[in-house]
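What Swiss-Prot lists as domain '4Fe-4S ferredoxin-type 1' is 49-79. Annotation source Swiss-Prot lists [4Fe-4S] cluster 1 binding site at Cys59, Cys62, Cys65, Cys108, citing sequence analysis. Look at Swiss-Prot and you will find Cys69, Cys98, Cys101, Cys104 tagged as [4Fe-4S] cluster 2 binding site. The annotation domain '4Fe-4S ferredoxin-type 2' is assigned in Swiss-Prot to 89-118 on the grounds of sequence analysis.
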Amino acid sequence: MIKSLLEGTWSQLRTLGMVFMHAFRKRETLQYPEEPVYLSPRYRGRIVLTRDPDGEERCVACNLCAVACPVACISLQKGERDDGRWYPEFFRINFSRCIFCGLCEEACPTSAIQLTPDFEMSEYRRQELVYEKDDLLISGPGKDHNYNFYRVAGLSIAGKGKGEAQNEAEPIDVKSLMP
C-alpha cells in the first residue's frame, strides 16, 4: 500500500516537473497573424502575370500553360495585335482548383507566369477565387528582370533583318544541308 502511494506521488511530481520545464521552452506554435510565417525560398504560392522591361505584357497566348496544368484551371483566348504579335484576349485562373504545382511556370516560354510566395487567398465564395487577367497582371518584370521574349525570338524587329537582332544567329538554309 505504501509502495503504491510512493509510486503514485513520484509519478505526480515527475509530471509536474515536466510541465514546469516545458513552460520555459521555446514555443513551437506561431501566433500566425501577429508573427510572420517562414516560407522556404522555393515556396509556390499565388500565380501572377508579369511584364517585360518595356512595360508590355509578356504572355504570347501560346496555351502551353493551360496544356501543362494537370487540373485544367487555366483558360485563355488568343488575339493578334496589328503588328502581328499574339496576346491573350482573356486569361483566367480558377484558384479553387489550382494545386500550385508550378508546371505552368515551367512550361511558359516567355517567363510570363510566375509563382509568388503569397498564400493568403481565402474568400467566402468560390466565384471570387476565379482571377481574370487584370487581377493577375503585375506592373513589374517579376523574377526575370531583363528578359524580353521578342528581343530573343519571335517576330523580326522593324529596321532589322533576320539574324541582326540581339542574341540571334544568322538563319541557316536547311535545304543546303541535305546530301
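A Cβ is built for glycine as well, from the same backbone N, Cα and C atoms used for every other residue.
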Averaged pLDDT score, the domain '4Fe-4S ferredoxin-type 2' (89-118): 93
Nonlocal neighbours by CB distance (under 8 Å) for Cys101 ([4Fe-4S] cluster 2 binding site), same chain, sequence gap 6 or more: Arg44, Pro70
Neighbouring C-beta atoms (10 Å sphere around the C-beta of Cys65 ([4Fe-4S] cluster 1 binding site)): 23
Residue from Cys59, Cys62, Cys108 whose C-alpha is spatially nearest that of Cys69 ([4Fe-4S] cluster 2 binding site), among the binding-site residues: Cys108
Lowest local Cβ density among Cys59, Cys69, Cys104, which the record lists as binding-site residues, within 10 Å: Cys69
For Cys65 ([4Fe-4S] cluster 1 binding site): DSSP state (helix, strand, coil): helix
Whole-number Å value for how far Cys104 ([4Fe-4S] cluster 2 binding site) lies from Cys62 ([4Fe-4S] cluster 1 binding site) (Cα to Cα): 12
Chain-internal residues near Cys98 ([4Fe-4S] cluster 2 binding site), provided their CB is under 8 angstroms and they sit 6+ positions away: Ile47, Val71, Cys73
Among Cys62, Cys108, the most crowded of the binding-site residues [Cβ within 10 Å]: Cys108
Tally of DSSP helical, extended and coil residues in the domain '4Fe-4S ferredoxin-type 2' (89-118): 5 helix, 9 strand, 16 coil
Between Cys104 ([4Fe-4S] cluster 2 binding site) and Cys65 ([4Fe-4S] cluster 1 binding site), the C-alpha gap once rounded to whole angstrom: 4
